[in-house]
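Chemist: I'd like to ask you about the structure that follows.
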Amino acid sequence: MIREEFMEEPTSSSSMNRKSCRERYEQFMEDSWCAHFFLGPNPFMARYVYALIFLVTNLLAWTIRDYGRSALSELQRLRGCYGARYCLGAEGVLRISLGCFLFFFVMFLSTVNTKKVQDWRNSWHSEWWPAKIILWLGFMAIPFFIPSAFIQLYGKVAHFGAGVFLLSQLISVISFITWLNDCCRSEKNEKRCHVQVLVVSILAYMASIVGIILMYVWYAPRPTCSLNILFITLTLALLQLMTFVSMNSKVNAGYLAPGLMGLYIVFLCWSAIRSEPHTEICNKKAEAATSADWLAIASFVIGVLVIVMATFSTGVDSKCFQFKKTEAEEEDDVPYGFGFFHFVFAMGAMYFAMLFVGWNGHQKMQKWTIDVGWASAWVRIVNQWLAALVYMWMLVAPLVWKRRHVEAT
(Lines of atoms letter the chains of each structure in order from A and count residues from 1; the text may use other names and numbers.)
(Lines give C-alpha, C1' and ligand atoms only; values in the text may rest on other atoms or scores of the structure.)
Protein backbone atom coordinates (compact mmCIF):
# COMPACT_ATOMS: atom_id res chain seq x y z
CA MET A 1 0.00 0.00 0.00
CA ILE A 2 2.73 2.41 0.89
CA ARG A 3 4.50 1.57 -2.35
CA GLU A 4 1.31 2.10 -4.36
CA GLU A 5 0.62 5.45 -2.71
CA PHE A 6 4.24 6.49 -3.29
CA MET A 7 3.96 5.56 -6.96
CA GLU A 8 0.64 7.36 -7.44
CA GLU A 9 1.29 10.65 -5.68
CA PRO A 10 4.52 11.80 -7.33
CA THR A 11 2.83 11.83 -10.72
CA SER A 12 1.86 15.43 -10.05
CA SER A 13 4.43 16.99 -7.71
CA SER A 14 7.53 14.93 -8.47
CA SER A 15 7.11 15.14 -12.23
CA MET A 16 6.61 18.89 -11.97
CA ASN A 17 9.76 19.19 -9.84
CA ARG A 18 11.76 17.19 -12.35
CA LYS A 19 10.40 19.30 -15.17
CA SER A 20 11.25 22.55 -13.41
CA CYS A 21 14.75 21.28 -12.59
CA ARG A 22 15.28 20.35 -16.19
CA GLU A 23 14.06 23.73 -17.36
CA ARG A 24 16.35 25.48 -14.91
CA TYR A 25 19.28 23.36 -16.07
CA GLU A 26 18.56 24.11 -19.73
CA GLN A 27 18.25 27.80 -18.95
CA PHE A 28 21.54 27.70 -17.05
CA MET A 29 23.28 25.99 -19.94
CA GLU A 30 21.91 28.56 -22.38
CA ASP A 31 23.03 31.49 -20.25
CA SER A 32 26.40 30.12 -19.16
CA TRP A 33 29.66 30.24 -21.06
CA CYS A 34 29.61 26.44 -21.21
CA ALA A 35 26.77 26.60 -23.69
CA HIS A 36 28.68 28.98 -25.92
CA PHE A 37 31.71 26.69 -25.71
CA PHE A 38 30.06 23.37 -26.46
CA LEU A 39 26.77 24.15 -28.24
CA GLY A 40 26.52 25.55 -31.75
CA PRO A 41 29.25 27.20 -33.86
CA ASN A 42 32.25 28.05 -31.73
CA PRO A 43 34.81 30.21 -33.60
CA PHE A 44 37.01 30.39 -30.48
CA MET A 45 37.47 26.63 -30.43
CA ALA A 46 37.68 26.43 -34.24
CA ARG A 47 40.86 28.49 -34.46
CA TYR A 48 42.69 25.96 -32.26
CA VAL A 49 41.55 23.12 -34.52
CA TYR A 50 42.89 24.96 -37.56
CA ALA A 51 46.18 25.49 -35.71
CA LEU A 52 46.31 21.74 -35.00
CA ILE A 53 45.73 20.99 -38.69
CA PHE A 54 48.53 23.41 -39.54
CA LEU A 55 50.86 21.73 -37.03
CA VAL A 56 50.12 18.27 -38.45
CA THR A 57 50.85 19.62 -41.94
CA ASN A 58 54.22 20.96 -40.76
CA LEU A 59 55.12 17.58 -39.27
CA LEU A 60 54.03 15.84 -42.46
CA ALA A 61 56.26 18.14 -44.54
CA TRP A 62 59.19 17.43 -42.22
CA THR A 63 58.60 13.67 -42.50
CA ILE A 64 58.53 13.86 -46.30
CA ARG A 65 61.73 15.92 -46.33
CA ASP A 66 63.81 13.85 -43.92
CA TYR A 67 62.42 10.35 -44.34
CA GLY A 68 60.46 10.40 -47.62
CA ARG A 69 63.15 8.70 -49.70
CA SER A 70 63.59 5.73 -47.40
CA ALA A 71 59.99 5.28 -46.26
CA LEU A 72 58.12 5.99 -49.53
CA SER A 73 59.84 4.45 -52.50
CA GLU A 74 57.05 5.54 -54.83
CA LEU A 75 58.16 9.16 -54.38
CA GLN A 76 61.15 8.41 -56.61
CA ARG A 77 59.08 9.54 -59.58
CA LEU A 78 58.85 13.02 -58.07
CA ARG A 79 62.55 13.69 -58.64
CA GLY A 80 62.55 16.94 -60.60
CA CYS A 81 65.31 19.23 -59.31
CA TYR A 82 67.54 18.85 -62.37
CA GLY A 83 68.08 15.17 -61.59
CA ALA A 84 69.54 15.81 -58.11
CA ARG A 85 68.55 13.03 -55.73
CA TYR A 86 68.51 15.19 -52.59
CA CYS A 87 65.87 17.53 -54.05
CA LEU A 88 63.22 14.87 -53.59
CA GLY A 89 62.78 15.98 -50.00
CA ALA A 90 62.59 19.68 -50.87
CA GLU A 91 60.06 19.01 -53.61
CA GLY A 92 57.97 16.93 -51.25
CA VAL A 93 57.89 19.89 -48.83
CA LEU A 94 56.68 22.17 -51.63
CA ARG A 95 53.93 19.71 -52.55
CA ILE A 96 52.70 19.48 -48.96
CA SER A 97 52.91 23.27 -48.71
CA LEU A 98 50.86 23.66 -51.89
CA GLY A 99 48.14 21.38 -50.52
CA CYS A 100 48.03 23.32 -47.24
CA PHE A 101 47.93 26.62 -49.14
CA LEU A 102 45.03 25.44 -51.31
CA PHE A 103 43.04 24.28 -48.28
CA PHE A 104 43.35 27.55 -46.38
CA PHE A 105 42.92 29.64 -49.53
CA VAL A 106 39.62 27.90 -50.24
CA MET A 107 38.61 28.57 -46.64
CA PHE A 108 39.62 32.21 -47.15
CA LEU A 109 37.44 32.56 -50.25
CA SER A 110 34.48 30.93 -48.51
CA THR A 111 34.65 32.99 -45.28
CA VAL A 112 35.95 36.42 -46.31
CA ASN A 113 33.81 39.40 -45.22
CA THR A 114 31.87 37.36 -42.67
CA LYS A 115 30.51 39.99 -40.27
CA LYS A 116 27.77 38.42 -38.14
CA VAL A 117 27.54 35.17 -36.23
CA GLN A 118 24.15 34.49 -37.85
CA ASP A 119 25.86 34.19 -41.24
CA TRP A 120 25.94 30.62 -42.55
CA ARG A 121 29.68 31.07 -43.16
CA ASN A 122 30.19 31.20 -39.40
CA SER A 123 28.85 27.66 -39.23
CA TRP A 124 31.11 26.62 -42.12
CA HIS A 125 34.14 28.14 -40.39
CA SER A 126 33.38 26.69 -36.95
CA GLU A 127 31.72 23.36 -37.74
CA TRP A 128 31.54 20.75 -40.56
CA TRP A 129 34.84 19.22 -39.41
CA PRO A 130 34.44 15.82 -41.14
CA ALA A 131 33.88 17.56 -44.47
CA LYS A 132 36.85 19.87 -43.93
CA ILE A 133 39.13 17.01 -42.90
CA ILE A 134 38.22 15.20 -46.13
CA LEU A 135 38.85 18.44 -48.03
CA TRP A 136 42.26 18.81 -46.35
CA LEU A 137 43.23 15.21 -47.13
CA GLY A 138 42.23 15.73 -50.75
CA PHE A 139 44.37 18.83 -51.06
CA MET A 140 47.27 16.96 -49.45
CA ALA A 141 47.07 14.28 -52.15
CA ILE A 142 46.41 16.39 -55.26
CA PRO A 143 49.87 18.10 -55.43
CA PHE A 144 51.60 14.70 -55.73
CA PHE A 145 50.01 14.28 -59.17
CA ILE A 146 51.14 17.71 -60.42
CA PRO A 147 54.22 17.90 -62.71
CA SER A 148 57.49 18.95 -61.15
CA ALA A 149 57.78 22.05 -63.33
CA PHE A 150 54.65 23.50 -61.76
CA ILE A 151 55.91 22.66 -58.27
CA GLN A 152 59.13 24.53 -58.96
CA LEU A 153 57.09 27.52 -60.13
CA TYR A 154 55.08 27.35 -56.90
CA GLY A 155 58.37 27.35 -54.98
CA LYS A 156 59.27 30.69 -56.59
CA VAL A 157 55.84 32.15 -55.83
CA ALA A 158 56.13 30.91 -52.25
CA HIS A 159 59.03 33.32 -51.72
CA PHE A 160 56.62 36.24 -52.12
CA GLY A 161 53.90 34.59 -50.03
CA ALA A 162 56.39 33.97 -47.23
CA GLY A 163 57.44 37.62 -47.49
CA VAL A 164 53.83 38.71 -47.08
CA PHE A 165 53.57 36.51 -44.01
CA LEU A 166 56.71 38.00 -42.47
CA LEU A 167 55.42 41.51 -43.12
CA SER A 168 52.07 40.65 -41.53
CA GLN A 169 53.79 39.15 -38.51
CA LEU A 170 56.04 42.18 -38.19
CA ILE A 171 53.09 44.61 -38.24
CA SER A 172 51.22 42.48 -35.71
CA VAL A 173 54.16 42.46 -33.27
CA ILE A 174 54.80 46.19 -33.59
CA SER A 175 51.10 46.99 -33.22
CA PHE A 176 50.92 44.94 -30.03
CA ILE A 177 53.98 46.69 -28.58
CA THR A 178 52.66 50.16 -29.41
CA TRP A 179 49.20 49.25 -28.07
CA LEU A 180 50.72 48.03 -24.81
CA ASN A 181 52.82 51.17 -24.54
CA ASP A 182 49.82 53.46 -25.17
CA CYS A 183 47.70 51.51 -22.69
CA CYS A 184 50.30 51.84 -19.93
CA ARG A 185 50.79 55.56 -20.64
CA SER A 186 47.09 56.42 -20.69
CA GLU A 187 45.66 58.72 -18.04
CA LYS A 188 43.85 55.82 -16.42
CA ASN A 189 46.89 53.55 -16.02
CA GLU A 190 49.92 55.86 -16.05
CA LYS A 191 50.22 56.32 -12.28
CA ARG A 192 49.11 52.81 -11.43
CA CYS A 193 51.50 51.10 -13.88
CA HIS A 194 54.45 53.47 -13.55
CA VAL A 195 56.59 51.12 -11.44
CA GLN A 196 55.75 48.07 -13.55
CA VAL A 197 56.58 49.91 -16.76
CA LEU A 198 59.89 51.08 -15.32
CA VAL A 199 60.87 47.59 -14.19
CA VAL A 200 59.88 45.92 -17.48
CA SER A 201 61.69 48.59 -19.50
CA ILE A 202 64.90 48.23 -17.49
CA LEU A 203 64.79 44.44 -17.78
CA ALA A 204 64.15 44.69 -21.53
CA TYR A 205 67.12 47.00 -22.08
CA MET A 206 69.37 44.84 -19.89
CA ALA A 207 68.32 41.68 -21.73
CA SER A 208 68.98 43.38 -25.09
CA ILE A 209 72.47 44.49 -24.06
CA VAL A 210 73.29 41.05 -22.62
CA GLY A 211 72.03 39.44 -25.81
CA ILE A 212 74.24 41.68 -27.95
CA ILE A 213 77.29 40.91 -25.79
CA LEU A 214 76.64 37.17 -25.99
CA MET A 215 76.30 37.36 -29.77
CA TYR A 216 79.69 39.09 -29.95
CA VAL A 217 81.18 36.28 -27.84
CA TRP A 218 79.48 33.38 -29.61
CA TYR A 219 79.27 34.52 -33.22
CA ALA A 220 82.14 37.02 -33.60
CA PRO A 221 85.07 35.35 -31.78
CA ARG A 222 87.67 36.77 -34.19
CA PRO A 223 88.06 39.97 -36.26
CA THR A 224 87.68 38.00 -39.50
CA CYS A 225 83.98 37.44 -38.70
CA SER A 226 83.24 40.79 -40.29
CA LEU A 227 79.70 40.00 -41.45
CA ASN A 228 78.54 38.88 -38.01
CA ILE A 229 80.22 41.90 -36.43
CA LEU A 230 78.34 44.11 -38.90
CA PHE A 231 74.99 42.47 -38.10
CA ILE A 232 75.46 42.76 -34.33
CA THR A 233 76.80 46.32 -34.45
CA LEU A 234 73.89 47.44 -36.60
CA THR A 235 71.54 45.85 -34.08
CA LEU A 236 73.12 47.92 -31.31
CA ALA A 237 72.86 51.05 -33.46
CA LEU A 238 69.19 50.37 -34.24
CA LEU A 239 68.47 49.91 -30.53
CA GLN A 240 70.00 53.30 -29.75
CA LEU A 241 68.28 54.98 -32.70
CA MET A 242 64.83 53.65 -31.75
CA THR A 243 65.33 54.82 -28.18
CA PHE A 244 66.42 58.28 -29.36
CA VAL A 245 63.39 58.67 -31.65
CA SER A 246 60.98 57.39 -29.01
CA MET A 247 62.33 59.68 -26.29
CA ASN A 248 62.38 62.75 -28.53
CA SER A 249 60.33 65.58 -27.05
CA LYS A 250 58.14 65.84 -30.15
CA VAL A 251 57.38 62.12 -30.17
CA ASN A 252 57.45 61.39 -26.42
CA ALA A 253 56.53 57.72 -26.80
CA GLY A 254 58.21 56.62 -23.57
CA TYR A 255 60.79 53.92 -23.01
CA LEU A 256 58.69 50.74 -22.78
CA ALA A 257 58.07 50.38 -26.52
CA PRO A 258 61.71 50.84 -27.64
CA GLY A 259 62.81 48.44 -24.89
CA LEU A 260 60.48 45.72 -26.14
CA MET A 261 61.36 46.50 -29.76
CA GLY A 262 65.01 46.17 -28.78
CA LEU A 263 64.35 42.64 -27.56
CA TYR A 264 62.56 41.88 -30.82
CA ILE A 265 65.35 43.07 -33.11
CA VAL A 266 67.99 41.33 -30.97
CA PHE A 267 65.99 38.12 -31.39
CA LEU A 268 65.81 38.68 -35.16
CA CYS A 269 69.59 39.24 -35.31
CA TRP A 270 70.18 36.07 -33.31
CA SER A 271 67.84 34.16 -35.64
CA ALA A 272 69.69 35.50 -38.68
CA ILE A 273 73.12 34.45 -37.42
CA ARG A 274 71.78 31.09 -36.24
CA SER A 275 70.51 30.54 -39.79
CA GLU A 276 74.00 30.74 -41.23
CA PRO A 277 75.29 27.40 -42.57
CA HIS A 278 76.69 25.10 -39.90
CA THR A 279 79.98 24.98 -41.78
CA GLU A 280 80.57 28.67 -41.04
CA ILE A 281 83.69 28.95 -38.87
CA CYS A 282 82.32 31.95 -36.95
CA ASN A 283 79.26 30.04 -35.78
CA LYS A 284 80.49 28.19 -32.68
CA LYS A 285 76.99 27.44 -31.46
CA ALA A 286 76.13 25.77 -34.75
CA GLU A 287 79.08 23.41 -34.29
CA ALA A 288 77.81 22.56 -30.81
CA ALA A 289 74.34 21.93 -32.20
CA THR A 290 75.62 19.50 -34.80
CA SER A 291 77.62 17.58 -32.21
CA ALA A 292 74.69 17.20 -29.81
CA ASP A 293 71.73 15.45 -31.43
CA TRP A 294 69.35 16.29 -28.60
CA LEU A 295 70.08 20.00 -28.99
CA ALA A 296 69.37 19.90 -32.72
CA ILE A 297 66.11 18.02 -32.14
CA ALA A 298 65.04 20.44 -29.40
CA SER A 299 65.81 23.43 -31.64
CA PHE A 300 63.81 21.88 -34.45
CA VAL A 301 60.78 21.17 -32.27
CA ILE A 302 60.85 24.68 -30.83
CA GLY A 303 61.18 26.11 -34.33
CA VAL A 304 58.10 24.25 -35.58
CA LEU A 305 56.06 25.32 -32.55
CA VAL A 306 57.16 28.93 -33.08
CA ILE A 307 55.93 28.76 -36.69
CA VAL A 308 52.50 27.56 -35.59
CA MET A 309 52.24 30.05 -32.73
CA ALA A 310 53.34 32.96 -34.94
CA THR A 311 50.80 32.02 -37.61
CA PHE A 312 48.03 31.62 -35.01
CA SER A 313 48.75 34.90 -33.20
CA THR A 314 48.96 36.87 -36.46
CA GLY A 315 45.81 35.26 -37.86
CA VAL A 316 43.59 36.26 -34.93
CA ASP A 317 44.98 39.81 -34.88
CA SER A 318 42.98 41.14 -37.82
CA LYS A 319 42.06 44.41 -36.12
CA CYS A 320 45.58 45.84 -36.30
CA PHE A 321 45.36 45.65 -40.11
CA GLN A 322 42.23 47.80 -40.34
CA PHE A 323 43.29 51.08 -41.93
CA LYS A 324 40.07 52.88 -41.10
CA LYS A 325 38.03 53.03 -37.96
CA THR A 326 34.92 50.91 -37.97
CA GLU A 327 31.72 51.22 -36.03
CA ALA A 328 31.45 50.06 -32.45
CA GLU A 329 31.36 46.31 -32.01
CA GLU A 330 28.04 44.60 -31.43
CA GLU A 331 27.23 41.39 -29.64
CA ASP A 332 26.48 39.50 -32.85
CA ASP A 333 29.75 40.46 -34.56
CA VAL A 334 32.27 37.71 -35.26
CA PRO A 335 35.12 37.73 -32.71
CA TYR A 336 37.85 37.93 -35.38
CA GLY A 337 38.15 38.18 -39.14
CA PHE A 338 37.62 34.68 -40.54
CA GLY A 339 38.87 35.59 -44.01
CA PHE A 340 42.02 37.25 -42.71
CA PHE A 341 42.63 34.30 -40.37
CA HIS A 342 42.64 31.81 -43.26
CA PHE A 343 44.65 34.15 -45.48
CA VAL A 344 47.42 34.31 -42.88
CA PHE A 345 47.44 30.52 -42.61
CA ALA A 346 47.64 30.26 -46.40
CA MET A 347 50.66 32.55 -46.42
CA GLY A 348 52.00 30.61 -43.43
CA ALA A 349 51.91 27.46 -45.58
CA MET A 350 54.32 29.13 -47.99
CA TYR A 351 56.39 30.40 -45.08
CA PHE A 352 56.98 27.01 -43.47
CA ALA A 353 57.94 25.61 -46.88
CA MET A 354 60.65 28.25 -47.19
CA LEU A 355 61.92 27.47 -43.70
CA PHE A 356 62.09 23.73 -44.39
CA VAL A 357 64.03 24.24 -47.63
CA GLY A 358 66.15 27.17 -46.40
CA TRP A 359 64.53 29.58 -48.90
CA ASN A 360 66.27 27.61 -51.65
CA GLY A 361 64.67 24.56 -53.20
CA HIS A 362 67.99 23.41 -54.69
CA GLN A 363 70.09 23.15 -51.53
CA LYS A 364 70.55 20.11 -49.31
CA MET A 365 69.01 20.34 -45.84
CA GLN A 366 70.30 18.10 -43.07
CA LYS A 367 67.90 16.18 -40.85
CA TRP A 368 66.39 18.00 -37.89
CA THR A 369 67.31 21.39 -39.32
CA ILE A 370 65.06 24.33 -40.10
CA ASP A 371 65.69 27.74 -41.63
CA VAL A 372 69.39 27.14 -42.34
CA GLY A 373 71.33 28.76 -45.19
CA TRP A 374 72.63 32.12 -46.32
CA ALA A 375 69.30 32.95 -47.94
CA SER A 376 67.56 32.38 -44.60
CA ALA A 377 70.12 34.55 -42.80
CA TRP A 378 69.66 37.47 -45.17
CA VAL A 379 65.86 37.20 -45.02
CA ARG A 380 66.03 37.42 -41.23
CA ILE A 381 68.40 40.37 -41.16
CA VAL A 382 66.40 42.32 -43.76
CA ASN A 383 63.29 41.60 -41.71
CA GLN A 384 65.08 43.10 -38.70
CA TRP A 385 65.97 46.29 -40.56
CA LEU A 386 62.42 46.57 -41.85
CA ALA A 387 61.01 46.10 -38.33
CA ALA A 388 63.10 48.97 -36.98
CA LEU A 389 62.15 51.24 -39.89
CA VAL A 390 58.43 50.45 -39.60
CA TYR A 391 58.48 51.12 -35.86
CA MET A 392 60.24 54.47 -36.23
CA TRP A 393 57.93 55.44 -39.08
CA MET A 394 54.89 54.69 -36.90
CA LEU A 395 56.32 57.15 -34.36
CA VAL A 396 57.21 59.87 -36.84
CA ALA A 397 54.28 59.51 -39.27
CA PRO A 398 51.72 61.44 -37.13
CA LEU A 399 54.10 64.41 -36.95
CA VAL A 400 54.71 64.30 -40.71
CA TRP A 401 51.00 64.14 -41.56
CA LYS A 402 50.21 66.89 -39.08
CA ARG A 403 52.89 69.14 -40.57
CA ARG A 404 51.64 68.53 -44.10
CA HIS A 405 48.08 69.26 -42.99
CA VAL A 406 49.16 72.56 -41.45
CA GLU A 407 51.09 73.55 -44.56
CA ALA A 408 48.13 72.66 -46.79
CA THR A 409 45.76 74.82 -44.77
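The backbone N, Cα and C atoms fix where each Cβ goes, glycine too.
Pasting the feature list from TrEMBL:
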- 48-65: transmembrane segment (TRANSMEM)
- 86-109: transmembrane segment (TRANSMEM)
- 129-150: transmembrane segment (TRANSMEM)
- 157-177: transmembrane segment (TRANSMEM)
- 197-219: transmembrane segment (TRANSMEM)
- 226-247: transmembrane segment (TRANSMEM)
- 253-273: transmembrane segment (TRANSMEM)
- 294-316: transmembrane segment (TRANSMEM)
- 336-357: transmembrane segment (TRANSMEM)
- 378-401: transmembrane segment (TRANSMEM)
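Could you give the neighbours, burial and distances for every feature on this list?
Modeler: Listed by sequence, the residues of this chain that lie at least six past the ends of the transmembrane segment (157-177) yet keep a Cβ under 8 A from its Cβ atoms are 94, 97, 101, 257, 260-261, 264, 310-311, 313-314, 317, 320-321, 344, 346-351, 353-354, 359, 379, 383, 386-387, 390-391, 394.
Beyond its flanks by at least six residues, the transmembrane segment (378-401) meets 166-167, 170-171, 173-174, 177-178, 231, 234-235, 238, 241-242, 245-246, 250-251, 253, 257, 261, 264-265, 268-269, 271-272, 275, 354, 359, 371 of its own chain at Cβ-Cβ distances under 8 Å.
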Chemist: Taking residues 6+ outside the transmembrane segment (294-316), which of them lie with a CB under 8 Å of any CB in it?
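Modeler: Distant contacts of the transmembrane segment (294-316): 47, 51, 54-55, 58-59, 62, 165, 168-169, 172, 288, 336, 340-342, 344-345, 348, 351-352, 355, 368-371.
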Chemist: Considering pairs 6 or more residues apart, do the transmembrane segment (253-273) and the transmembrane segment (197-219) have at least three CB pairs under 8 Å?
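Modeler: Answer yes: the transmembrane segment (253-273) meets the transmembrane segment (197-219) with 3 or more Cβ pairs below 8 Å.
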Chemist: Mind checking which residues of the chain, 6+ beyond the ends of the transmembrane segment (86-109), have their Cβ under 8 Å from one of its Cβ atoms?
Modeler: 50, 53-54, 57, 60-61, 64-66, 68-69, 75-76, 78-80, 125, 132, 135-136, 139-144, 146, 148, 151-152, 154-155, 158, 161, 339, 342-343, 345-346, 348-350, 352-353, 356-357, 361-365
Chemist: When each of 48-65, 226-247, 336-357 is checked against the transmembrane segment (197-219) for Cβ pairs under 8 Å, which one has the most?
Modeler: 226-247
